[in-house]
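Q: Shown below is the structure under consideration.
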Number of protein chains: 2
Amino acid sequence: MEGARPVRAARGTELSALGWQQEAALRMLQNNLDPEVAEHPDDLVVYGGTGRAARDWRSFDAIERTLRTLKADETMLVQSGRPVGVMTTHEWAPRVLIANSNLVGDWANWEEFRRLEKLGLTMYGQMTAGSWIYIGTQGILQGTYETFAAVAAKRFGGSLAGTITLTAGLGGMGGAQPLAVTMNGGVAICVECDPSRIQRRLDHGYLDARADSVEDALRLAVEARDARRPLSIGLLGNAAEILPRMLAEGAPIDVVTDQTSAHDPLAYLPVGVAFEDMASYAREKPEEFTQKARESMARHVEAMVGFQDAGAEVFDYGNSIRGEAKLAGYARAFDFPGFVPAYIRPLFCEGKGPFRWAALSGDPKDIAATDRAILDLFPENEPLARWIRMAGEKVHFQGLPARICWLGYGERDRAGERFNDMVAAGELRAPIVIGRDHLDCGSVASPYRETEGMLDGSDAIADWPLLNAMVNVASGASWVSIHHGGGVGIGRSIHAGQVTVADGTPLAGEKIRRVLTNDPGMGVIRHVDAGYDRADEVARETGVRVPMRES
Amino acid sequence: MEGARPVRAARGTELSALGWQQEAALRMLQNNLDPEVAEHPDDLVVYGGTGRAARDWRSFDAIERTLRTLKADETMLVQSGRPVGVMTTHEWAPRVLIANSNLVGDWANWEEFRRLEKLGLTMYGQMTAGSWIYIGTQGILQGTYETFAAVAAKRFGGSLAGTITLTAGLGGMGGAQPLAVTMNGGVAICVECDPSRIQRRLDHGYLDARADSVEDALRLAVEARDARRPLSIGLLGNAAEILPRMLAEGAPIDVVTDQTSAHDPLAYLPVGVAFEDMASYAREKPEEFTQKARESMARHVEAMVGFQDAGAEVFDYGNSIRGEAKLAGYARAFDFPGFVPAYIRPLFCEGKGPFRWAALSGDPKDIAATDRAILDLFPENEPLARWIRMAGEKVHFQGLPARICWLGYGERDRAGERFNDMVAAGELRAPIVIGRDHLDCGSVASPYRETEGMLDGSDAIADWPLLNAMVNVASGASWVSIHHGGGVGIGRSIHAGQVTVADGTPLAGEKIRRVLTNDPGMGVIRHVDAGYDRADEVARETGVRVPMRES
Ligand SMILES: NC(=O)c1ccc[n+]([C@@H]2O[C@H](COP(=O)([O-])OP(=O)(O)OC[C@H]3O[C@@H](n4cnc5c(N)ncnc54)[C@H](O)[C@@H]3O)[C@@H](O)[C@H]2O)c1
Ligand SMILES: NC(=O)c1ccc[n+]([C@@H]2O[C@H](COP(=O)([O-])OP(=O)(O)OC[C@H]3O[C@@H](n4cnc5c(N)ncnc54)[C@H](O)[C@@H]3O)[C@@H](O)[C@H]2O)c1
């Protein structure tokens with residue numbers, strides 16, 4: 001893309017903006033585009049198919065320029081990756097407000113989105129790409145780890161040892177799968193059509209081995225499984241070919257899922273198309289490509305259903321592949337569940353979700369110190385402690401050092417305040433940026449993923465993410481975003497994000513207390529309203545107010 | 001609806017809430033349901049088909065209860081007319097955040113909306129119904145007056161004298177049409193199928209006469225037209241029958257528009273259905289009814305196109321009747337333009353829009369004093385002065401005394417600050433509530449209405465209303481709302497509202513300055529971004545910042 005250049009966030013305590021809140025936005029935007037972090041930094045693509053951090057390089061320049069001079073009572077407005085205004089607000093207000101990829105309902109389809117994108121009027125923001133809080137593969141590693149742990153708990157006595165998981169996609173999100181499976185003791189075969197992605201995961205230690213053929217992969221997998229030895233294997237190929245073949249050959253697969261970027265049919269390789277030709281073909285004949293991709297997804301999903309029929313644990317991992325397969329006419333596409341109703345909903349009822357933070361100092365020691373703080377704050381939480389310890393050992397930082405762990409209502413604010421105190425006390429070298437994925441307990445409406453199968457049928461109601469965004473703006477977040485389509489594709493979700501900077505000031509402490517109470521609080525009330533008993537319990541125990549229950 | 005009772009806002013200075021910000025929300029909610037204001041208060045319906053102020057009476061009670069005890073650093077969250085949470089924020093934050101009727105794109109259709117509504121999970125918020133700033137027919141009178149003035153300027157030398165306008169619908173919005181036409185010197189024939197609506201407009205002095213037949217109506221109209229005498233005539237009947245008939249008979253019509261509630265096919269009377277049977281039929285057979293209504297709308301729109309072919313000035317008045325006619329298969333439905341591109345867009349470029357305010361004292365003298373303040377503040381603006389004077393004479397207050405006038409960027413903040421100063425100085429008996437319609441320059445994405453035919457093709461981009469809502473939250477508005485569908489129907493728009501209370505405190509003054517600068521500022525930057533020269537000029541003249549133009 002015109003204007004491309006390497007970008008990397010500054011480290012240390014020298015500011016190039018007028019305050020840490022602005023500096024944090026600047027560094028996190030830059031960090032999203034760090035070649036260590038972003039999948040295609042020259043195109044401003046961070047992850048998830050075409051999830052961008054800025055609309056184009058001119059917009060990127062204007063955002064940088066504006067952030068550098070933005071005052072502590074000013075707010076920059078970003079419309080689909082382009083800065084469109086600067087307004088006088090006040091010191092409790094966010095420094096940046098972001099709305100990405102949003103379209104009016106009747107026009108919320110890929111055709112219209114692409115038309116507008118081609119006109120230079122919008123961009124795809126995914127979840128944390130356009131909201132500047134993507135932290136690399138670790139971001140999803142923990143969620144993936146938790147999900148496979150839940151699979152293990154449900155079906156295999158708490159461990160994946162002695163089982164084989166078959167999945168596909170080793171991109172920004174999917175790349176976490178092999179490590180998450182081996183962390184749970186299992187064996188993973190990961191199909192990927194792009195050899196450079198396989199190499200990247202091998203280089204980063206997320207993937208253990210590469211297989212040259214299906215036979216090779218299965219042989220390695222069965223050996224490791226029989227020895228109850230964790231192993232992850234990358235297999236070059238097209239999932240829509242390999243899965244049906246493995247099914248036909250009766251491969252001994254225990255768990256099946258998928259993280260190809262199926263949510264965007266132009267980013268899924270159709271059968272019969274060479275990987276090298278994919279980009280130009282998608283660009284030149286988008287409609288033909290889309291149709292072929294959908295047909296391949298139908299075969300892919302058909303094989304997944306086949307594995308389920310044969311007894312495997314099968315789930316959709318939030319990439320909308322069932323929806324696309326259904327569009328291609330495959331009737332049983334929704335025969336297996338999404339991962340949220342299957343494993344994540346109970347956590348959401350407790351306001352739990354993907355809490356994450358990054359060290360603006362660039363110093364891994366700052367993350368090590370926050371890791372210790374988490375272990376200290378929540379000594380009774382054994383799975384959390386296990387994760388923090390494993391992550392400390394196994395996670396290769398990409399860009400600014402960062403950490404993620406799932407925390408719930410009443411926990412996030414405590415962690416955030418502790419971090420702010422540590423900055424104030426000089427225990428950390430620089431401020432900490434605290435954010436989360438848009439995939440959170442009360443920040444997203446997405447009937448094929450986070451809100452699939454809600455108890456009261458309210459899957460499609462999109463008031464909640466909008467209230468979530470507004471309450472974060474009203475609580476003192478540093479930047480807040482509302483996006484459309486991330487993860488599952490245009491027309492299929494609305495979601496919101498917030499990032500809050502712990503700069504060690506008392507004001508930041510006040511803001512953190514409110515934001516990190518209210519933000520997960522949205523998850524509790526959303527699930528109380530939908531009739532989940534566990535959410536009701538949590539609300540009663542923790543004093544979350546539900547006006548309809550008062551009298 | 002269960003729990004129905006008459007509601008009326010308190011007047012005077014005795015508070016039943018903990019502060020004026022909360023009291024204002026309480027009174028404005030109640031005022032929306034005042035039988036003088038609301039179209040069907042027992043059903044909580046304020047205007048615009050089924051635009052509600054609260055989801056049900058239990059929700060209404062819970063909102064009232066919560067507002068009465070809400071502290072100055074707390075925020076109540078309202079999800080489609082039901083209070084779902086109370087969170088600790090801070091004194092610069094809004095006291096209420098509202099999201100109404102929002103659905104994820106692929107589910108944003110009437111079928112899904114009705115299903116969810118039936119389950120008690122959502123309500124239709126329209127624009128100012130669910131955001132508690134509807135002030136009765138005056139709210140639209142001024143916009144309608146401006147629109148007909150623009151028609152007069154474009155086609156008839158600045159006055160409608162000697163012309164006949166044919167329209168339909170005398171509901172909450174449409175009821176303003178006859179008075180707006182006669183204020184411009186013209187003759188209006190208004191078709192309406194509900195006799196009580198005709199009576200109501202006669203009682204309020206918005207309508208001059210009733211005709212018993214088409215012949216009668218035309219005779220009265222032609223007489224008045226020839227005498228260049230303003231006259232408005234209500235004609236009982238179905239517009240889908242009467243318009244084609246008048247066209248066939250060669251009726252001498254100069255201007256044609258429509259304000260039946262066509263945006264909601266269950267609220268449009270189909271040909272062949274008796275008005276008395278309409279409600280039960282729509283309830284019992286919604287699909288059949290919808291189809292019939294759409295077929296009738298196709299005939300209605302076909303007649304409108306016929307009048308245009310015959311030389312009349314014809315426009316869609318923002319009720320989506322073209323879209324519905326098209327759904328019914330009428331190919332030429334979009335042959336006439338919407339009123340926004342035709343008449344309103346130039347005003348939007350200047351940040352102009354429907355500024356409105358209400359006197360919490362209940363004392364008409366407070367409005368008279370604010371009217372004088374407006375005349376004093378903008379002496380050079382002759383059309384504004386004419387409107388304010390005429391409104392003072394002709395407008396019958398409904399509920400709390402209120403006023404509306406269109407003000408632009410750099411004007412709204414001055415008016416708001418003046419009002420706050422007047423409250424502080426004791427020149428007014430109680431605080432003033434300042435709000436606006438969601439139909440404003442930078443607060444709505446609605447490709448069949450406010451954003452129809454944008455210069456750059458960005459009609460469907462919905463980032464702007466979301467940024468508008470967030471920036472209002474960040475600027476200190478008292479309550480902020482994000483709605484879906486209002487005016488044009490589910491799937492067709494996203495829009496935001498803000499209300500800010502001038503309680504005479506310095507803090508309110510600070511908030512007002514920011515909100516009433518940034519809110520219309522959104523209109524200026526939205527139109528700069530879309531390439532309108534006039535908006536560019538305004539931005540340069542007034543110092544509105546556009547980061548992409550800086551370097
Ligand atoms: N589960 C979650 O929590 C979650 C969160 C965010 C996003 N997602 C979704 O997961 C999906 C993957 O995200 P990502 O960031 O890894 O995307 P990505 O674009 O970075 O990676 C997708 C990978 O799939 C590969 N691929 C495409 N078609 C293939 C085929 N036919 N066979 C084999 N490999 C193929 C691509 O080469 C690429 O490496 C997306 O749809 C994303 O929206 C899930
Ligand atoms: N132009 C604008 O600025 C603007 C603003 C808001 C809303 N609207 C739209 O304008 C429309 C009218 O709004 P409203 O508040 O007056 O609605 P309303 O429901 O109060 O009134 C509509 C009227 O149309 C009548 N009607 C229905 N079908 C008819 C038929 N076939 N023939 C004759 N009369 C018929 C009804 O009896 C009713 O009195 C709505 O679609 C609304 O969304 C326009």
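The first residue you see is number 1, and the count goes up from there.
Heads up, the Cβ atoms here are built off N, Cα and C, so glycines get one too.
Note that the structure is predicted; figures quoted are calculated from it, not measured.
Got these off TrEMBL a minute ago, pasting:
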ACT_SITE  A:CYS405  active site
BINDING   A:48-49, A:GLN126, A:172-174, A:GLU192, A:ARG197, A:238-239, A:259-263, A:268-269, A:TYR317, A:GLY487  NAD(+) binding site
DOMAIN    A:7-133  domain 'Urocanase N-terminal'
DOMAIN    A:136-343  domain 'Urocanase Rossmann-like'
DOMAIN    A:346-540  domain 'Urocanase C-terminal'
Q: List the same-chain residues at least 6 positions away in sequence whose Cβ sits under 8 Å from the Cβ of A:GLY48 (NAD(+) binding site), in sequence order, or say none.
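A: Listed in sequence order: A:GLN126, A:MET127, A:ALA129, A:GLY171, A:GLY172, A:MET173, A:SER261, A:HIS263, A:GLY486, A:GLY487.
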Q: For ligand 1, pick out the recorded positions A:GLY48, A:SER261, A:CYS405, A:GLY487 that have a CB under 6 angstroms away from one of its atoms.
A: A:GLY48, A:SER261, A:GLY487
Q: Under 8 Å Cβ to Cβ from A:GLU192 (NAD(+) binding site), same chain, six or more residues apart: give me those in sequence order, or none if nothing qualifies.
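A: The list for A:GLU192 (NAD(+) binding site) reads A:ALA168, A:GLY169, A:LEU170, A:GLY174, A:ILE198, A:GLY234, A:LEU235, A:LEU236, A:GLY237, given in order along the sequence.
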Q: Within 10 Å of the Cβ of A:ALA239 (NAD(+) binding site), how many other Cβ atoms are there?
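A: Result for A:ALA239 (NAD(+) binding site): 30 neighbouring Cβ atoms inside 10 Å.
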Q: Just the number: how many Å between the Cα atoms of A:TYR268 (NAD(+) binding site) and the residue listed as 'active site'?
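A: So the Cα of the residue listed as 'active site' lies 30 Å away from that of A:TYR268 (NAD(+) binding site).
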Q: Relative to the Cβ position of A:TYR268 (NAD(+) binding site), how many further Cβ atoms are located within 10 Å?
A: 30
Q: Across all the protein chains here, work out how many other Cβ atoms are within 10 Å of the Cβ of A:GLY172 (NAD(+) binding site).
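A: Neighbour count, Cβ to Cβ under the 10 Å cut-off: 28.
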Q: Which whole-number value in Å describes the distance between the Cα atoms of A:ALA239 (NAD(+) binding site) and A:CYS405 (active site)?
A: 30
Q: Across all chains shown, how many C-beta atoms besides its own are within 10 angstroms of the C-beta of A:CYS405 (active site)?
A: 23
Q: Kindly report the helix/strand/coil residue split of the domain 'Urocanase N-terminal' (A:7-133) according to DSSP, in that order.
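A: With helix first, then strand, then coil, the domain 'Urocanase N-terminal' (A:7-133) has 41 helix, 25 strand, 61 coil.
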Q: What does DSSP call the residue listed as 'active site' in the simple three-state scheme?
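A: For the residue listed as 'active site' - judged by DSSP and reduced to three states - the answer is strand.
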Q: How many other Cβ atoms sit within 10 Å of the Cβ of A:SER261 (NAD(+) binding site)?
A: 26
